[in-house]
Structures are given as structure tokens and as C-alpha cells.
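Single-structure report; data block below.
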Amino acid sequence: MRLAGRLGGAALSLVMVAVLGFFLFRVVPGDPVVSMTRGRPTTAATQEALRAQFGLDRPVHEQFWSYFTGLLRGELGTSFTFRRPVADVILERLGPTLLLVGTSTLIAVGLGLWLGVRAAWRRNSALDRVTTGVSLTLWAVPTFWLGMLLMMVTGDLFPSRGMRDTDTPPDFLSQALDVGHHLVLPSVTLVAVVCAEYALVMRSSLLEELHAPYLTTARAKGLRDDVVRRRHAVPNAVLPAITLVFLRVGLVVSGAITTETVFSWPGLGLLFYDALTGPDYFLLQGLLVVTAGAVVVMNLLADLLHGVLDPRVKVV
Amino acid sequence: MRRFLAHRTGTAGAVVLAVAALVALVAPLLIPAEALDVTRVTAPAWQPPGARQWLGTDHTGRSVALLMAQGAGTSLFVGLTAAVLAVGIGTLVGIVSGHFGGLLSGALLRVTDFFLVLPALVLAIALSTVLPRGLGTIVLAIGLTSWPSTARVVRAQTLTIEARPFVERARALGGGHGHVIGRHVLPSVVPLVLVNATLAVASAIVAESTLAFLGLGDPTRISWGAMLHQAQLHGAVPRAAWWFLLPPGLAIVVVVLAFTLVGRALEAVVTPKR
């Protein structure tokens, strides 16, 4: 029953995402065609044709219906700048983003949780103070600025634009090395920003457990300190932390937008930037719906995962 | 107050903020308009720091030091107003959904949770792309997308307070909604709201700089984020023009950190348990 509730809630959220995506770009003052063609020579006839092409000349409820049924079929309209279906453009850019976000998240989770555990276990130690201080500072650092700084400091050491060079040999190994080389700076930027948050979450989660009676019992049994930490304290403390990691997926999304913009990484984040500089409303709407939908799904997964990992939480 | 001063980091943060506020207020009065006018400056572009331009010049020859001082106002103004807007909406939603039960509360909670998980920056980008460029748009875009966490905290506090016997007593004595909210709930959420507001300013300043960096800022105003946008656009990185890149970023970090530290010190004062 709880499972059905969760699934229903997620489905409702997805519908709300779709509705939000539609109205955000329709209720705004001004004519989307006028603002999208601003700065380009267009005749009234062209604008009329564009309006008809995008369906903007029809009543709002008809527009909504065709938009919504389109979504269910996986159609997101046509991009104004790319002159191609939005869904195709987004799919094309999905790979690089998954590579960047996936690598960075794995490193950030590992490093963040490790640091958080160390800091909380030796509370007020030098490591704790440094971890907390650095995390708070990194939280205050704008992602894009960190990226620009890294770019300037490392100079020619790492490539700073795009995902691969055009003159790399086409065999798999050279290509992979080239992409990996390009991946260094963007992923370091993203890791730095996201990892700080994870470390703080893990730290406070473990601090909650520190005075639990079962740890006193474990110590009374004569277990060594790091056995108490690894076998008893961390497994309990890591559960809420992992859920929070999933819940903060929006943070990674925001980080990816600015990181990809700074490093011209050809993923969804850079596509966001292209869409907003256009401005290309249909592309932006598609991106909003896709990323928000993905975040909703990730949250559902976090809920379910938490139920599996922690039997005290009954989800199923 | 004395307990706040006992937090050294919080006090340091407050001092930093006072200095930043002073600069923001005084700068527009002291800086002559022609010093920031691209068409009227005489200094060469991309000049490294020296005796005359002690923070160097930007791509048009304007003094980076003067731009920094002028930008403080915009960054602080957007941060403060967006935070007030966000915390105001959050408090209202939180109290209403905590105080009135039933369908309304359920619906508000649903909406809060929905906006809580959505990436705020994505929504803010969408809003500021469709609305006309300007200071008001940025404030709206940030304020309308960052209220849910306050709403959650305020709702929880409202529920806690309303379960206490003295509220029950007030109700039994005939106290209406207005009385319970005004006399009991509101005073108990004020400290929490203050803490949240301080932290909200911190994230609003980062959000402003991000939107400005993406070119969604008010094109007629100088802000630290807008300076970094110009730095990126005109190639400060390949030119290694560190004097144009470091100051705005450092200013953002210092001010945001100051707000965070003040917020954490306030939090420790109002929730003395830990």
C-alpha cells in the first residue's frame, strides 16, 4: 500500500512537472515568437508561419492537450535554433552529461562520505575542523568561478574546452584517453562543490549515532576503535546519508549546468546555456521537463532504496 | 546577543557583513559616473594591478577596484530581497499548512515537497529567461524557487508548538486561528525564520552570481556575478588576467561565508541543545 502511495505520488509529481513546464512558457508576458526572433530580420509572414508551426495560434487548451499527449509519446516539440525535434537534441547530449555527472558523483560520494566519517569520529580534531571549514567555504564558492580558476591555474596542463580533440586517432584507446584527459578539470570542479555537501551530511549523520548505547556495548565487548566505527556506527549512519545524497541530486544538476558552460562540455548543461541564450523556449521547456522528471524519478528510487537498505523503514 | 558574541566565527562574519554593507552604501555616492562609463574611461584595457590602478583594469579600461565596490550593492540587494521574499513565502506556507489541517495542508505539503526536490537553479533559469531582464526578475526568480526549505522547517515547528498544552489551553479558552497563530505560533517560529533568512541570503547571493554569469542578469547594473560573466566572455582566463577574475569571486565567497557563519551562530543561539 505504501509502495502504491509512493508510486502515485511520483506520478503526480511528474504530471506537475509537465504542467509547470507548459505554463511557465505560456503565461509569460510577450510573444515567444517575437522574443525568439529578436535581433534577426524576420517578416510578419515568417512570424505567422512560425506561430503556426509551433501551434501558438491555437487556443491554450488545445496547445496543452497536444503538448501533453506529445509528452506521453516522448515528443517535446521542435527546437527553434536547431530546427530539429527537441527530444533528439537532448538524447544526443545525454551521454557526455552522464559521463561527467556519473564520474563526479561516484568520486564525490566516496570522498565525501569518507571525510564525513573521519571528521565526525574525531570530533573537533584538526581533520574535523579542516573538513568542516573547507566544506563551508566550498559551499560558498560559485561553481563556475572555481572552474575558471582551475582553468587559469593549470594553464595548458589539461584541455579546457570540449570533450575530445579533432586530431586524436580514431582507435578506442586513444579516444578514451583523450576524453579522460578532457574530463579532469570539469569533474574536479563538480566533485569539489558536491563533495563538500556530502561530507557535511555524513558528518552530522554519524554525530547523531555517536552516543547511541549500542556503541558503548560494542566498546564494552572490547572491540577495537576502528572496528566499532566500521562495523557498528557507520552502517547505521550511512543510511540517512545515502538517501540525502539522492535527494540532493538537484545540486548536481545545477553544478553540471555551470560546469559544462565554463568548460564547453557538450552535454545537457551546455544545451541549457544554448537554450537560454537563444532564447529557444521549446528546447528550454524540454530540458526543464526532462531534468525535473529525472530528479523526481531519482527521489522515488532513493525512497525505495532506503526501504531496502533499512528494514526499519517500511516502504513495501 | 552576548551568546551570539561568544561565537567567534559568527562575530567575524557579522563584522565582514558590516564592512560589505558600508562599501555598498558609500560606493555609489563616491564613485563618479564617468569612471564606470565604458565610453569615457581613459585607462588602457587589461592593465595589471599597479600604483595607479591597484586592482588593474577590465577589458574596457575600467578600474576593477571601483567595479568591485559598485557591484557590492547589487549583489547584497538581490541577496537580501530574494531571501526576504523566499523566507516570507516559506513562512506563510509553513504556518498555513501546519496550522490548518485537512485537504489544504495536504495540498500545500505536496506542493512544498514538489518544489523542494526540483533543482532550484533550473527553475530560476527558466523564469529569468522568459521574464524581461532586470533586477526585479532576478529577485523573483530566486525568491520564487528557494522558499520550500523554510516552509518545511516552519511547518514542523508549527506542528510542534500546536501540540503543546498551552496552545490547547488557549483554544479551550476560545482563542481563534488569528490568536493562536499571532500569539503562539508566530513568536515561536521567528528565531527559526531569522536563521533561515540568514542562510537564504547566502544561497541567494550565489544564485544571483550564477544567473548573472549565465548572462541572465540586469545588463544595466554591475554585480560581482556580472563581472565574472564579462571576464568569461572577454577571455580573462586565456589572458591570465587574474586581477579581473579573483576579486569578484573572492568577494562572493567571503560575503556568502560570512552570512553562513552568522546563520550558524544564530542557529546555535536559538537552539541551545547542541
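Cβ coordinates are placed from backbone N, Cα and C, and glycine is handled just like the others.
Any TrEMBL annotation is an automated prediction that lacks curation.
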Transmembrane segment according to TrEMBL, located in which of B:8-28, B:134-154: B:134-154
Distal contacts, the transmembrane segment (B:108-128) - CB-CB under 8 A, six or more residues away: 93-94, 96-97, 137-138, 140-142, 144-149, 151-152, 155, 207, 210-211, 214, 216
Tertiary contacts of the transmembrane segment (B:134-154), as residues 6+ beyond its ends and Cβ separation under 8 Å: 74, 77-78, 81-91, 93-95, 97-98, 108, 112-113, 115-116, 118, 120-121, 123-125, 127-128, 189, 192-193, 196-197, 200, 203-204, 207-208, 211-212, 216-218, 221
